[in-house]
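K.L.:
The following feature annotations were taken from TrEMBL:
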- 1-416: domain 'Major facilitator superfamily (MFS) profile' (DOMAIN)
- 27-51: transmembrane segment (TRANSMEM)
- 58-80: transmembrane segment (TRANSMEM)
- 119-139: transmembrane segment (TRANSMEM)
- 145-163: transmembrane segment (TRANSMEM)
- 227-251: transmembrane segment (TRANSMEM)
- 263-283: transmembrane segment (TRANSMEM)
- 290-312: transmembrane segment (TRANSMEM)
- 324-349: transmembrane segment (TRANSMEM)
- 361-385: transmembrane segment (TRANSMEM)
- 391-413: transmembrane segment (TRANSMEM)
């Protein structure tokens, strides 16, 4: 439900921005639409301060009242721009934290052969949240849209209250009995949990012998892991996805296609959900790397087609009119491809590749980088469209997808069916169970 709540925040802009255009100026609209990623980026910085102290579950539980307060601000905003900005910052901060916490929690409670599938659930719930908001857009009322969105954090809080903390976190706090209870909750009472418990205990022992330090983050294997995570986040954001999600109605209206834009948004939402279901079924069959490569190359083709349509519209308008089906088809296939790989895989992958001792800080830094890029793309997109034209902007996104495909092929390590220890060995971050001297950071206990 954390993903659903974030999806509500991400999808809110598409129907709401067009409604608010009659009440607010363009500058205010652009700030309201683009400020959520800044909140999300700031939220990721809070995660390391809490996640290894109070746990994954309770850090997520803390978000519930904060998220509710953010939606209340949006409900009460009216024409008061600061209320919209603060509300979007707050909901964004909570969403950014969920982007780190949910994949981490999911990876730690899942068996290795379904870890990819459960990792995709976050993205699946996110796109269901986006579809939900797109459907609320038919109310044509921002207060109604925001009021329906406040349901999400309430359900999130109730749901999380009934699930236990991650067994891996319990072991880091020397609570082995609680870890066993948690493992039995997720595996069932008759499941043999001993092999996994032994692997987790060994993992925790390694993390105790080599605690987070400045030298740990600057070692070559860790830098390689960070570079891959950052590269995937860069690839995801410069595919242009948030420009299309945040400004969906505006893009569709600029094509001149006759279908009602709000209905087209709902179609996009349905496509995203279908694609994420497919990704959940395929990620542990085909693997993360192949899904990403297929996803990025397909998105490149779709963005090229969309750029081509805008060129035709400028120079051959009659031919463009006969190809009125191309923009909607291109964007639908683009979104399907994104949700099949480029959307869920970087987040699920991030929950797998970082060693336990660095997971909180490393995951947060990668998520911070992702949301900073999301803000950059979102805030510059309207100006880029005005200055450079649609064709140039979508051609640039297509080029980024092509480069992203090459990055995935040459630098991404497959993690399908691997234990955390095997993944660490593949990246060279595996630490033997023996004391290693490192310059420790000042304790925050």
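Backbone N, Cα and C atoms are what each Cβ position is placed from, and that goes for glycine too.
Just so you know, TrEMBL annotations are computer predictions that nobody has curated.
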K.L.:
Where among 119-139, 324-349, 361-385, 391-413 do we find the most Cβ pairs under 8 Å to the transmembrane segment (27-51)?
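P.N.:
By Cβ pairs under 8 Å, 361-385 leads among 119-139, 324-349, 361-385, 391-413.
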K.L.:
Take a look at 119-139, 263-283, 324-349, 391-413 and tell me which one has the most Cβ pairs under 8 Å to the transmembrane segment (290-312).
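P.N.:
Most contacts with the transmembrane segment (290-312): 324-349.
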K.L.:
Suppose you look only at the domain 'Major facilitator superfamily (MFS) profile' (1-416); what would the mean pLDDT be?
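P.N.:
Residues in the domain 'Major facilitator superfamily (MFS) profile' (1-416) carry a mean pLDDT of 83 in this prediction.
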K.L.:
So if I exclude everything within five residues of the ends of the transmembrane segment (324-349), which remaining residues of that chain have a CB under 8 angstroms from its CBs? That is, six or more out.
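P.N.:
For the transmembrane segment (324-349), the sequence-distant neighbours (Cβ-Cβ under 8 Å, at least 6 residues beyond its ends) are 99, 102-103, 106-107, 115-116, 119-120, 122-124, 126-127, 229, 232-233, 235-236, 239, 241, 244, 251-252, 255-259, 264, 267-268, 271-276, 278-280, 282-283, 288, 291-296, 298-299, 302-303, 305-306, 308-309, 370, 404, 412, 415.
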K.L.:
Do any residues, 6 or more residues outside the transmembrane segment (263-283), come within under 8 Å Cβ-to-Cβ of it, and if so which ones?
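P.N.:
Answer is 11, 14-15, 116-117, 119-121, 123-124, 127-128, 130-132, 134-135, 137, 248-249, 252, 257, 291, 328, 331-332, 335-341, 343-345, 348, 416.
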K.L.:
What else in the chain is close to the transmembrane segment (145-163), if you only count residues 6 or more beyond its ends and a Cβ gap under 8 Å?
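P.N.:
Non-local partners: 1-2, 4-5, 8-9, 12, 15-16, 57, 60-61, 63-64, 67-68, 71-72, 74-75, 94, 129, 132-133, 136-137, 139, 185.
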